[in-house]
Ligand code: HEC
Ligand code: HEC
Ligand code: HEC
């Protein structure tokens, strides 16, 4: 009986959604001749390049080994995979025949040129905040890229998620269009907020989502999850054991590493690889804004916790740590990691991954290692997936939590590691 009721309710929702979808069906914007590349001002194109780096456009609009902006990267969502479009100016397979108005509408309203609804895997829920002036520059930048003919796969989604018109209902409930563009802001915090919430779309990963996969407005930047990683909170009480300064965040965002806070790995490595090419001043504005949102850090003393008891597994973990990890992580003195040029690796006691409420990121680091930040030579940590068992990694985690973080062991770490192992390496 209950299932009948539920499926009737589900059907009713679908019917109502379909009604809205067709009632609100948006119009096609007419195709234009592809504008000549030399019709765009060089200064505007350069501005667009900076904005594209801030918006990470390349990340989702290039497949592995594929041409820039020709699309094909699969954005993984809990319901299926949606492929980044070809946004080169190719007239047939890209956006070559899109007018500026069509481009602006796609970014503001999540609509294709022909009026079809786009999936919010394309972060237009953030891009809707971008100013007219910035969108004009992005359009100039994209229309002056090399045109590449490439058709990207259709989204790989089950019914009813694969029915695009139903997205109209989702937008009605969860999409706040426009969100007041801020023209000509120069105050640094405002600029930072504009970039974090708009082009930077940091909340796409760092804000938790509700059942319908929309970002929760009541938990802005309080931490989310993606591809087997925990995206740590950027606002409120953060998981790092020491506070971030704006300069440290800037270094981390533009270099993929900060001596005081460690490495940007997994999905964050790609974000940092793009921000490397963004203007330092803009990244500093984002960092300044983020610092203004942070209220404190979670340290063992701040939690008032007793030092946890030492278990047998902690003793085993210490032995394993001495054999497998210490030669790097204690190479140059007390708890200090690797040397990289003139800078030092992070003492593990300072790692956000070790202080987080669950051991997901720690497991990612140990199973799959750390790649050198993009453009840097050397400096890797090997993955231990083939060298250590789940139980052994869990024992090392217990030891480090006990000895370096002064915190209780994570629950069911062995199961957590097995789960991440079975998903394979992701987000790199
Ligand atoms: C997190 C991944 C992601 C990022 C970052 C991203 N996009 Fe996309 N974008 C997508 C996906 C996925 C689609 C396809 C959506 C669909 O099929 O409904 C898309 C579609 C588009 C479209 C519509 C193209 C069409 O043919 O319908 C445009 C235009 C676009 N993106 C521009 C941009 C720009 C400009 C940036 C950077 C400021 C950007 N995107 C950043 C994932 C992304
Ligand atoms: C695709 C998902 C994704 C996006 C988009 C993203 N992040 Fe992250 N971020 C992560 C993950 C995962 C980590 C943890 C990485 C690690 O520990 O190496 C992280 C870590 C961080 C940290 C370190 C936090 C700490 O306390 O250790 C900062 C700061 C950060 N991100 C800032 C940003 C900013 C600013 C943006 C927007 C410009 C952004 N992130 C966009 C996934 C993302
Ligand atoms: C060959 C040298 C090497 C070995 C062996 C090694 N590491 Fe690393 N590890 C590194 C480097 C280099 C980094 C990146 C620098 C950083 O983040 O400070 C790193 C980073 C980490 C991080 C992330 C720190 C952060 O938040 O940025 C963790 C966690 C970690 N290692 C744990 C371990 C554990 C546990 C072992 C043993 C199973 C181990 N490592 C073995 C070199 C090594």
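The backbone N, Cα and C atoms fix where each Cβ goes, and this holds for glycine too.
All annotation found in TrEMBL is predicted automatically rather than curated by experts.
Quick look at what TrEMBL annotates:
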- 57, 60, 61: heme c 1 binding site (BINDING)
- 202, 205, 206: heme c 2 binding site (BINDING)
- 325, 328, 329: heme c 3 binding site (BINDING)
- 43-146: domain 'Cytochrome c' (DOMAIN)
- 187-291: domain 'Cytochrome c' (DOMAIN)
- 312-404: domain 'Cytochrome c' (DOMAIN)
Additional residues surrounding heme c 2, by Cβ distance to the 202, 205, 206 centre under 8 Å:
201, 203, 204, 207, 221, 224, 231, 234
Going through the binding-site residues 57, 60, 202, 205, 206, 328 in sequence order, which have a CB under 6 Å from an atom of ligand 1?
57, 60
Please check the binding-site residues 57, 60, 202, 205, 325, 328 against ligand 3 and give me the ones with CB under 6 A, sequence order.
325, 328
Should we count any of the binding-site residues 61, 202, 205, 325 as near ligand 2, judged by a CB under 6 A from one of its atoms, and which?
202, 205
What does DSSP assign residue 329 (heme c 3 binding site), in three states?
helix
Between residue 61 (heme c 1 binding site) and residue 325 (heme c 3 binding site), the C-alpha gap once rounded to whole angstrom:
37
Shortest C-alpha distance to residue 206 (heme c 2 binding site) - which of the binding-site residues 57, 325, 329:
57
Inter-residue C-alpha distance, residue 202 (heme c 2 binding site) and residue 57 (heme c 1 binding site) (nearest angstrom):
13
Measuring Cα to Cα, tell me the gap between residue 325 (heme c 3 binding site) and residue 57 (heme c 1 binding site) in whole angstrom.
37
Over all shown protein chains, what is the count of other CB atoms within 10 A of the CB belonging to residue 60 (heme c 1 binding site)?
22
Return only the integer: C-alpha distance in Å from residue 60 (heme c 1 binding site) to residue 328 (heme c 3 binding site).
34
DSSP-wise, what's the residue breakdown of the domain 'Cytochrome c' (43-146) into helix, strand and coil?
42 helix, 12 strand, 50 coil
Do you know offhand how many angstrom separate residue 57 (heme c 1 binding site) and residue 205 (heme c 2 binding site) by C-alpha?
15
With an 8 Å cut-off on Cβ distance to the 57, 60, 61 Cβ center, who else from the chain surrounds the heme c 1 site?
55, 56, 58, 59, 62, 69, 71, 73, 84, 87
What three-state secondary structure does DSSP assign to residue 205 (heme c 2 binding site)?
helix
